[in-house]
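Peer 1: I am attaching a structure below and will ask some questions about it afterwards.
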Amino acid sequence: MNDIKKMLSLYFVAGSQDCRHLAGNRAENLIYILLQALESGITCFQFRDKGRFSLEQDPAAQKLLAIRCRDLCRRYGVPFIVNDDVELALAIGADGIHVGQSDMKVKEIRAKSDRTLIVGLSVNKLHEALADNDSAEIDYFGIGPIFPTQSKEDPKPAVGPQFLAELRQAGVDKPLVAIGGINQQDAAQLRALGADGVAVISAITQSTNISQTVKEFLGV
């Protein structure tokens with residue numbers, strides 16, 4: 001569990017759709033940003049390529065991009081997680097998979113894999129966390145969105161920072177990573193309220209100084 005908690009310290013989530021504000025090829029921009037983030041010290045990367053500005057309509061290109069991201073993460077010894085797409089995660093040997101409440105059930109994911117996977121589950125309500133808190137199949141919960149976010153096309157209502165404390169007070173003891181509209185100034189408060197780490201998208205993809213941004217999130 002300590003390894004999972006360490007992994008969650010600064011969890012970067014991104015796909016090609018998150019790089020459309022930059023000139024040029026979105027896939028190449030993602031690789032460029034990811035490389036800087038890895039060099040700066042992120043502790044985990046989740047490949048989340050989805051939505052109308054992603055490569056979903058070109059599965060071959062999407063898979064190639066995922067493999068390039070995986071290889072970069074391996075070079076830096078950082079866990080590589082795939083969002084939702086179980087088949088892609090298994091096909092390219094991802095370290096783990098992150099799923100939502102309405103995605104494939106965790107036991108089905110475990111059954112499909114012949115090796116150990118890191119499995120994360122999104123949680124937006126207390127009863128969701130309580131239902132799976134004792135499940136050995138789930139390694140961590142992704143809690144959010146903490147604040148309103150523009151990074152998802154269909155975000156759920158923001159739960160607010162205090163939700164983390166409510167989860168801990170209710171007995172939820174799984175590793176927690178907070179996500180959704182989080183900036184550097186929020187990180188310390190969220191950790192104090194019960195998060196083991198923070199997950200960010202635009203705070204890194206839109207940063208003009210990724211190295212400095214990562215250091216601020218890590219408190220170094």
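Even glycines carry a Cβ here, placed using N, Cα and C.
Features from TrEMBL:
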type	residues	note
DOMAIN	10-204	domain 'Thiamine phosphate synthase/TenI'
BINDING	Gln46, Phe47, Arg48, Asp49, Lys50, Asn83, Ser122, Lys152	4-amino-2-methyl-5-(diphosphooxymethyl)pyrimidine binding site
BINDING	Asp84, Asp103	Mg(2+) binding site
Peer 1: Quick one: pull the CA-CA distance for Arg48 (4-amino-2-methyl-5-(diphosphooxymethyl)pyrimidine binding site) versus Asp84 (Mg(2+) binding site), whole Å only.
Peer 2: 8
Peer 1: At the level of the C-alpha atoms, what whole-angstrom distance separates Ser122 (4-amino-2-methyl-5-(diphosphooxymethyl)pyrimidine binding site) and Asp84 (Mg(2+) binding site)?
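Peer 2: Their Cα atoms are separated by 11 Å.
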Peer 1: Out of Arg48, Lys50, which of the binding-site residues has the smallest number of neighbouring Cβ atoms within 10 Å?
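Peer 2: So among Arg48, Lys50, the binding-site residues given, the one with the fewest Cβ atoms within 10 Å is Lys50.
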Peer 1: List every residue in the same chain as Asn83 (4-amino-2-methyl-5-(diphosphooxymethyl)pyrimidine binding site), at least 6 positions away in sequence, whose Cβ is under 8 Å from its Cβ.
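Peer 2: Sequence-distant Cβ neighbours: Val13, Gly15, Gln46, Phe47, Arg48, Asp49, Lys50, Ile97, His98, Val99.
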